[in-house]
Amino acid sequence: QGRILEKTGLCSQITFGRYVRQGRKLGLDPKLFIQDLQFDKVPVRVYQPKATSGGPKRGILFFHGGGWVFGSLDTYEKVCRYLSRESDSVVVSVQYRLAPEHKYPAAYEDCLSATQHFLQHLQHYAVDPARVTVCGDSAGGNLAAAVSQTLAGRSDLPRLRAQILIYPGLQALDFNLPSYQQNRGVPLLFRERAAFFALLYLNGDALHMQEVLEGSHIPPDMRLKYRKWVSPDNIPEEFKVRGVKPLGPTDFIAEVYETVKRFCEPNLCPLLAEDSVVHQLPESFILTCEYDVLRDDGLLYKKRLEDNGVPVTWYHLEDGFHGIISLYDYCGVSFPSGKRGLDSVVNFLKSL
């Protein structure tokens, strides 16, 4: 596999991409105590507000975005500092293993391990067991949703107070939903890249990307089964005004399905979890961006949560695009709507 990656120039692409996105080392923060630790062998960075206010603080587990391939503790340093300072919370940023070197379920398992470890040692960080939240953007939103589902039925750990999903990617069945059609060429995440990252995370290679984009990787009976959850019919009409055409099904290719059938596992595609799991989920915050291929993943999950009686706070950035939160104060660049999005997360946290 390494050879295939090298042949396509993929390894050098990924190495270069990681280098570009690595973020700058920041100096000390006068308001935060920051330390690098390991939670159950998983590297984490813990941000603790220095000011001691009355009583235990909120806890936030943060899983960064980057298509499961890019991103690091440094890349999201400013975002995590901001969340910790502004919401007066202890933030644990998790450095999960990245694809393609570490395939699914490595990233998910790391996030779950770090979360369980934190939940077992809250008193050490003066965190209130009733106010711990998982949070992530993009691929990190996917991981937060998966961890939240896994912990929903556990009685041996403190129950999560909430989940915060920032433009999450939640399914790999349909890359032709309205938002995929409308925003296929909008940076920072093109339609092809979304499938490419999902395949890299699943298999460590992006073979069969074309078939997956066309939808020939899912058997007709499964498509039918999941139609109640993954369908343009569940997207509100106002999101379809920007040119969407109904697409007929493509021919199913069994050998492609054989290589990607784990796309039907909820730990990889949380939108496919059964109702019995979804209705146990904690209060949720979902942020979507209009100009984002993943917009409809968020809208579909919002509907599923609401249908199952889970309270949802939804924040939609009309002028937002994918990745806008990670660009907060990034190399001197900042978008007003990115700051609005981040502040909407802080406001939600303060309400918990």
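Count begins at 1; order follows the chain as displayed.
Keep in mind that glycine also has a Cβ here, set from the backbone N, Cα and C atoms.
Now, the feature entries from TrEMBL:
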- 60-207: domain 'Alpha/beta hydrolase fold-3' (DOMAIN)
- SER138: active site (ACT_SITE)
- 253-325: domain 'Alpha/beta hydrolase fold-3' (DOMAIN)
- ASP292: active site (ACT_SITE)
- HIS322: active site (ACT_SITE)
List of residues, in chain order, with Cβ under 8 A from that of ASP292 (active site) and at least 6 apart
TYR167, SER179, ASN183, VAL186, LEU189, GLY320, PHE321, HIS322
Per DSSP, what is the residue count of the domain 'Alpha/beta hydrolase fold-3' (60-207) in each of helix, strand and coil?
62 helix, 26 strand, 60 coil
Taking the Cβ of SER138 (active site) as the reference point, list residues of the same chain whose Cβ is under 8 angstroms away and which are at least six residues distant in sequence.
GLY65, GLY66, GLY67, ILE166, TYR167, PRO168, GLY169, LEU189, LEU294, HIS322, GLY323, SER326
